[in-house]
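Swiss-Prot lists Ala33, Ala34, Ala35, Gly36, Ser37, Gly38, Lys39, Thr40 with the feature ATP binding site. Marked as domain 'UvrD-like helicase ATP-binding' by Swiss-Prot on the basis of sequence analysis: 12-490. The domain 'UvrD-like helicase C-terminal' annotation in Swiss-Prot covers 510-818, and the record cites sequence analysis as its basis.
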Amino acid sequence: MVQTIPIKPADVSWTDDQWKAIYASGQDTLVSAAAGSGKTAVLINRMIEKVIATDNPINVDELLVVTFTNASAAEMRHRMSEALEKAIVENPTSSHLRRQLSLINKAQISTLHSFCLAIVKQYAYLLDIDPGFRIANEAEVALLRDDIVADVLEGAYDSEEETQVQAIYRLVDSFTSDRDDQAIETLISKLYDTSRVHAEPQRWLWSLPKAYELAEEVTIDDLELSHYVKLTVRHSLEEAFVLISEMRAITLQPDGPAPYAETAEIDFAMIQEGIRISQEGTWQELFDYFATVKWSTLKRVSKDALVDVELQELAKKKREAAKKIMNKMKETYFIRTPARLLEEIRLMAPIIGTLVELTTIFSEQFRLAKLERGIIDFSDLEHYALQILTVEVDGELQPSPVALDLKKRFKEVLVDEYQDTNMLQETILQLVKSGEEQDGNLFMVGDVKQSIYRFRLAEPKLFMRKYSEFLETPDATGMRIDLNANFRSRKEVLNVTNYIFAQIMGERVGEILYDDNASLKPAAPYDEKEVPVELVVMHPPQDEETVDEQEDKTDEASELEELKKSQYEARFIIDRIRQMMEDGTTVYDTKSMTERPLKYSDIVILMRSMTWSTDLVEEFKLAGIPLYAESSKGYFDALEVMIILNVLKVVDNPYQDIPLASVLRAPFVGLTENELAKIRLADSKVPFYDALRQFIRSEGQGVQTTTFEKLQRFMLAFENWRDLARRGSLSDLIWKIYLDTHYYEMVGAMPNGKQRQANLRILHDRALMYEQTAFRGLFRFLRFIDRMRTRGDDLGTAKSIGEKDDVVRLVTIHSSKGLEYPVVFVAGMGRPFNKMDFHHPYLFDQDFGLAVKAIDPENRITYTSLPFLALKEKKELEMRAEEMRVLYVAMTRAKERLILVGSVKNWEKTRDNWQDAQNIPSDAPLQEYLRARANSYLDWIGPAVARHGDFASQATTSYKELDSPSHWWIQPIDTRHYSYDIQAFNDEIQQHLTTQEDEALLSEIKARFHAQYTYQKSTRKRSKTSVSEIKRLENLQRQEEPEYYFATPAKRTSTSIAPRPTFLQDQQLTGTEIGTAVHTVMQHIPQFGFDTIEAVKGFVANLVAKQLLTEAEGKVVPIKKVYHFFHTEIGQRFKQARQIRREMPFTISRVDEDGDAQIVQGIIDCLFEDEYGNWVLLDYKTDRILPHFAKEPALTKEIMGRYAVQLRVYSEAIESILQIKVSEKVLYLFDNEQTVQA
């Protein structure tokens, strides 16, 4: 039942839609919350209001709150606790509120996996699993999966049924090479994963072959997938139609090729008819249409005709492009007859059946293997929970008694990030919610425009169905609420985002209509200054190479060009960052609500992937700008990791020549190339390891060389490692290798040493994690690492810069989701989308299952079957829709400045292609074919921006501008501005050096290379030092002190007056430690001292009790000497002082005798103002003074000579910092209870 929403008070800050989302109830509710609209705050406040409501409040454990991450769940739980505590303060007598606070830790606020885990733990007795199960880690699951799928294939090969074996071989021949059957293992594993997002995986699997078992009367139009091919054909026909339309327009120009006009009209009508058939006709009609397409010959243009030759050529070029598109469509889809296409589908049914059978066997054996080990994985959690929540009735799944109990328990089910759920998760949610959509208790929050996890099998169509069906007002279905007020970004960022996505995002291409309900509305409190969004297009010089030359490049050349793009874009970003920092750019601080200077940590660089991360990090390092890159790549390519992995490979099997050679060349063995060659020559016909042993035997019999000694040490350690590998743990072996080789210390001394050591620690930690699984052994671990590398599951190198430091951040767009940054660079906008999944001979889909290429096993020919073609078109449309959403996430991360950076090969050609969009009616979005063929973000943004008024400075044609409040700064930048060619620079220097005529330049260069640095002495000084260090250095220069002032008259000691004072001798603590203890006592002792020695002793004991002194220190404090201090003249003045400051730390800048500035730190023992207003500097000394010299007049001179520098610096610090005059500088010598005046 729909309930009335309370009236919003005038003094609340919620928008009307937010208020509605917080209080709406009585039916399922979908909140479509755009970026920056405060959806998390709305969700949390809805929970809070449900619990603290005065009318019909619910208990906090009657809410089921499902979040996407554990961090989100923890934040919600914390904010709920804070809200309850605040409510209790306002209503301290409420027993309900106090009870909620005690229930908060029992509340089901978690990820869906955690909720499923709770169900499985509680009801494990309903399943055939060990109640003491544990969640397996990814490494263990991966290893087990690899073993099981290999066993399944091995078992299939060994089958006694000939028909089954033949079916297996046909399957293998269809999808693998002659080398191995790894592709079949991958195919089985991926098909298994796809099946697991369905509530009934086995039923879904067995439906796949049926889709290929077509009845005779079936036509292609009966196949749902054929719609996607027709849509693609239509897009191509529309593109050809635009080209012919442009050709026709050219023929009608005054100086255009008029003789072409008749042909253009024929072509125009022909393609128009094709578009009609693609929309309304059958497949057979389309086939017949392409079979009859004929291109007539263009009429000859008379030489005497007044025709612009360039227009004539342009008309030809447009027509040829249209013909190319049409011919490609025919060759791709309409060469084979419809009957042939259907027959190819039927022929694939047995192969699909065999694959499904193997996947089913694998699924069961994998399940049993996990049961045997008492483990489950995350996918099992959801399926076991579903098993507990359902019972099968007449072949359909119905809620079980457990599900019915949960329906009663949970008064509301709230789901965050609903756009990222899949079909299985939706099924679980439906089983625990109450009612139907029109009277249910399911509250869903999300933004389908930010659904970017399809690769994890998320299904955004779930959100889109409800979005289109739920009404904005209560009716016979659920309620939809749109939150589009953006509290994050400046209006310039939002206007540009709206401008772009209104043109590119539609229902057929983009899966979402970006209308007024979806557009972002500015709501953040920024000032009115104009901050345009920047579009930067990097391009090579136009005269550097032709387009044809660019297209003819080899793969290696393209790779080098890609490297250049990353460098150029990095250098522009560095330059732009420097410019902003130097120009005093400010950003708005939401905490202080004021403008403040831009910091590095305000800046982020977003990229689709981290492929360029290494290049960007290197460029930023050279530029001196700190960059933090959270990369998941490059770990296994790190030199130190490769070397240790090679050591492990050789320990496992020494008969691996390349790893063994790598280990011998490593610094901890240290063989040269010549030494390796000598070993190889010992016996070139045997494996290298045998040659190595033979070399050692032969060398050992003669004069033992350095090479022999290196190898002997290595082989001794090597045999120990092999022994440990057989009987010990893997992690111990790795650490033993580190210790024996000292390699861990070696890499620490290399550049980026901390990072390299962290990489080695990660390898050790990975071994520890591996050992926690049911697997053991070095061989399996190495195989596991190899599989990780094959699958691309890199670990990412350790980082020496922390992400909380004041650094620029480089992150993927996916990692940035949910975050915000004042300044956002989106780099790599011109990089092509990743289409690697379309290169396989198979494709997966949650709706249509599996599509494979047609195989002719007899002729060994592969065809692109119609299901494969259709599913490829569907997946490409989905891929582009996902990329649009990724772009949306990237652009909406920016709070104040958004800078889009991309590279193109040829700016003039790119600009002309973008300008084609200027012919579109001004009230229409970009044509579907333009959006559907895009291969990069620039392919969407460029044509859209070309219709904007700010593009006029770049345009070569006139056009009608789109009406838009957005503001762009468009910058095509020649890469020559950022071409720092180090080799060319070196070549130029070399040329100058070898030019005999320029002797003056040569002399100047030589003089500079041999120049002596003027301030060489200053380089040996510390820029920051202590008073003690200054004192020590000055005393080292003093050579005049007489020998008899030292504690050992017969032997001169270093720089101290004596090794120890009398009261410090025969103690376990050092003199420094006991001197510190005395200073501690003097720091805390009362100003008026004590009347008795026992009182001083009690005071010291109290310091020990308070742990300000250790027991050992308390025992050696000279109690009597401390007592006597207060009975000396200086002690009496201390007792009568007006102010006292003790243990006063300071830091000052001072200039030394060479004129160099130094930062000096120190701690002043005591500073007091006596009863006459004089400031006295008092310093305590515990140096030992020999008795027969204690009263010598020379002692004063000696003591002050030693400590004058210290007292002078202390005095300078006091006068500089406190702005007071030091009247006296006094040393108090505890050893002989004497005062020495400076």
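Positions of Cβ are set from backbone N, Cα and C atoms, glycine also.
In the three-state DSSP assignment, the secondary structure recorded for Thr40 (ATP binding site) is helix. Note: Lys39 (ATP binding site) has non-local neighbours Val31, Ala33, Asp416, Val445, Gly446, Asp447, Leu483, i.e. same-chain residues 6+ apart with C-beta under 8 A of its own C-beta.
Excluding Ala33, Ala34, Ala35, Gly36, Ser37, Gly38, Lys39, Thr40, which define the ATP site, the same chain contributes Val42, Asp447, Leu483, Asn486, Phe487 within 8 Å (Cβ to the Cβ centroid), listed in sequence order.
Just so you know, the Cβ of Ala34 (ATP binding site) picks up 24 other Cβ atoms within 10 Å once every protein chain is counted. Listed binding-site residues: Ser37, Thr40; maximum Cβ neighbour count within 10 Å falls on Ser37.
Among the listed binding-site residues, namely Ala33, Ala35, the Cβ with the most fellow Cβ atoms inside 10 Å is that of Ala33. On its own chain, Gly36 (ATP binding site) has Asn486, Phe487, Arg488, Ser489, Leu520, Ala524, Glu820, Thr892 as residues at least 6 apart in sequence with a Cβ closer than 8 Å to its own Cβ. If you take every residue in the domain 'UvrD-like helicase ATP-binding' (12-490) and average the pLDDT, you get 91. There are 21 other Cβ atoms within 10 Å of the Cβ belonging to Gly38 (ATP binding site).
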